[in-house]
Structures are given as C-alpha cells and as structure tokens.
Amino acid sequence: MSKFSFNIHHQHKKARSGIIATAHGEIRTPAFMPVGTRGTVKAMLPESVAETGADILLGNTYHLMLQPSAERIARLGGLHKFMNWDKPILTDSGGFQVMSLSKLRKITEEGVSFSSHINGDKYMLTPERSTAIQYLLGSTITMAFDECTPYPVTFEEAKTSMQLTTRWAHRSRNAFVKREGYAQFGIIQGSVYEELREQSAKGLVELDFDGYAIGGLAVGEGQELMFKVLDYAPDFLPQNKPRYLMGVGKPADIIGAVNRGIDMFDCVIPTRSGRNGQAFTKYGTVNICNSKYSGDNEPLEHDCPCPACTNYTKAYLHHLVRIGEILGSMLMTWHNLTYFQNLISRIREYIKLGKDFDFYS
C-alpha cells in the first residue's frame, strides 16, 4: 500500500503539476473531481466516470449519513466497494450542506444540530462525528469539519466563524485515525479578508494536515474577488502539500486558480449542466435544447472521444433532452465530464512544457 504523498514534477510560475500517491492509487494534479454526492455521479456508471479520465471523485458526509447511513456502508465493505469505485475518494465533511440545506440548524461550540431535509429527523454533527463517518465510509481523503462562511459577511463575523473553524480543525485532527495511504485535509476560511485568511492558514498549518483546502469561495463573491483572494491565500500554505479549492469548477475559474497555485477542484457544474442540456465545448457552451439544433447532423465536437460525440449528432441529443429521456442526461453528462478532464489534462501538459495557458480568458 502506498504512503500518502505529494510530489510536484513540474512548475510554471505559480502553476504546479504532480502526483498525489494514496492507498487507492495515484491522482494526477491539477485534478478535477466529479461530484458523486450520494455515492453516485448522477446519470453515470462509475466505470464510465473513470473512462472520462477522472482519478478521484467526491462523496458527501451529510447525504451519506442520512441515506443509507455510514454504518450500513461500513457493514457492506465501505464506499469504494459499495459503489464499485477502486480509485481515490475524497469526502466533504458535511458542513456546507448542513448550513445550506438544513432548516432549524443551531451552531454551537460543540457542533451543529439540525433537522434532516428529507424527513425532519434530528441530528448532531460535530468534528468528531464527521471524522468518524468519513472513517466508516473508508474515505481516502477526509475533510476537517468547518463552518463555511457565507458572503457577504462583515470582518467580525468572518473572524468569529474562522476561529470556530480553527477550533473544530483541532478536534477533527485529534479524531482522525491515521492509516497508511489515507489523508486528512484542513480547510482555511476567512472570507475575503487577507488578514483572516493568513490567521486561518497559520492555525491549520500548525496542525500538520496532509493537505489544505480553501473554503468559503464561489459563494456569491464573483470571479474578480475570488481571484483576488487566490492571489495571496495559497502563499500562506506549504509548498509541499496539495491545495484544494472547494466547489469551484467553471473552466475559466479553474484556469485562473491553477495559475495561482491550486491543485484540486470539485464542482457539480459539468454534471448538473449536462442534465439540463448544456454542453461545454472548446468553442463555448452549447444549449442543446435550442431549436436550431433540431436538424443539426454534426457532433457536439468533432475531436471529442466521448460516446455522445463519436456516435450521435446534435439533432439526436436535442431530441433526447427535449423529451426528457434518461439517455440524454447520460450522454450530455459523459461529454461534459470528458471535456473537463481533457481541459485539466491540457493544463497539466502546458505546465510540463512551461507554457502559459489561458484557453478561456
């Protein structure tokens, strides 16, 4: 079994490419993680997700603790076996979903008490419980429990939230069961305030996490402000540890973030957009529902290797999506995930060659 490690093989300005070694295989970085929130990437077979080029996918503590429960998944052999995915899995701590989905939530020093958005049942999620759930799931990369600071927020509110996240990070770190090839990442907060981001990073770096995530971005602040934060926040983190920008996945955002030193990304954009009939291509986005595609006998992209492009026309995809056929969601999602993995692969190649990349400026 491989030890968890991160080796940077190439660097161009602030952009890095390398390999994360884990108990479940290697992750090429920069890496884009498809989101498999409930133990599945919507409208995709796990083996099909791997065929798009994904080295790792994301699962979610909040959703899996509610259905079918972490204990049941553990009894059935863990999340990898449960969903037939033998590559690395990173699990979100559940904090963001508790804040965004649950009603009647109450945040205390202990954790967050909340009602399930499914049936109203009462739950308590603490740093210790979140870490234990991720252990039961068998997550390759466990995320520390945090409070995702909303936007807009005052300096004092952001400071209070960041300090709570730091205290929770201590408890998450203490609760983590170390195993060879497995890792735990801390999450820095601080909203758009440089002083708070630096304080947060300093507190977490002292805990010697295996990697670090930048949370609390892509929550409404806009690209310009997000990039402003990314101009300084990665510099507060160790050079030899992976850096993960949570919830960010627009192509232009990925490119801008890699140029600022980010190594890992996740986002629902390619899958959600695919199910809604939007395709990403090198020529821009295509809304396949548009009537102008009803008689278009060309593929979405001529040089794309995905089944949607090699076997079907825009007219057929238009038909499937317009009538709500499941195959339409499957093909559009497959295409988008292939596009995103091809994009990230091109970025890795440009870094290796020492070339600037700005495909979406």
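Every residue gets a Cβ built from N, Cα and C, even glycine.
Taken straight from Swiss-Prot:
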ACT_SITE  ASP92  active site, proton acceptor
ACT_SITE  ASP266  active site, nucleophile
BINDING   ASP92, SER93, GLY94, GLY95, PHE96, ASP146, GLN189, GLY216  substrate binding site
BINDING   CYS304, CYS306, CYS309, HIS335  Zn(2+) binding site
REGION    247-253  region 'RNA binding'
REGION    271-275  region 'RNA binding'
Next on the checklist: Taking the Cβ of each of the binding-site residues and counting other Cβ atoms inside 10 Å, which one has the highest number: GLY94, GLY95, GLY216?
Outcome noted: GLY216
Item to check | Cβ-based isolation winner (fewest other Cβ atoms within 10 Å) among the recorded positions ASP146, ASP266 | outcome: ASP266
Next on the checklist: Considering Cα atoms only, can you say which of CYS304, CYS306, HIS335 is the nearest neighbour of SER93 (substrate binding site) among these binding-site residues?
Outcome noted: HIS335
Checklist entry - Where the distance is taken from Cα to Cα, which of the recorded positions ASP92, GLY95, GLN189, GLY216, ASP266 turns out closest to CYS306 (Zn(2+) binding site)? => result ASP266
Checklist entry - What are the other residues, in sequence order, whose C-beta lies within 8 angstroms of the center of the C-beta atoms of ASP92, SER93, GLY94, GLY95, PHE96, ASP146, GLN189, GLY216 at the substrate site? => result MET99, MET143, PHE145, GLU147, CYS148, ILE187, GLY215, MET246
Next on the checklist: With helix taken as DSSP H, G or I, strand as E or B and everything else coil, how many residues of the region 'RNA binding' (271-275) land in each class?
Outcome noted: 5 helix, 0 strand, 0 coil
Item to check | Secondary structure tally of the region 'RNA binding' (247-253) (DSSP, helix then strand then coil) | outcome: 3 helix, 0 strand, 4 coil
Next on the checklist: Applying a 10 Å Cβ distance cut-off over all chains shown, what neighbour count does the residue listed as 'active site, proton acceptor' have?
Outcome noted: 28
Checklist entry - When the Cα of GLN189 (substrate binding site) is compared with the Cα of each of the recorded positions ASP92, ASP266, CYS304, CYS309, HIS335, which one is closest? => result ASP92
Checklist entry - C-alpha of HIS335 (Zn(2+) binding site) to C-alpha of GLY95 (substrate binding site): distance in Å? => result 30
Item to check | From GLY216, CYS304, CYS309: binding-site residues whose CA lies within 10 A of the residue listed as 'active site, proton acceptor' | outcome: none
Checklist entry - What mean pLDDT does the predicted model reach across the region 'RNA binding' (271-275)? => result 98
Checklist entry - Between GLY216 (substrate binding site) and CYS309 (Zn(2+) binding site), what is the CA-CA distance rounded to a whole number of Å? => result 36
Next on the checklist: What are the sequence-distant neighbours of PHE96 (substrate binding site), meaning same chain, six or more residues apart, C-beta distance under 8 angstroms?
Outcome noted: CYS148, GLY215, MET246, GLY247
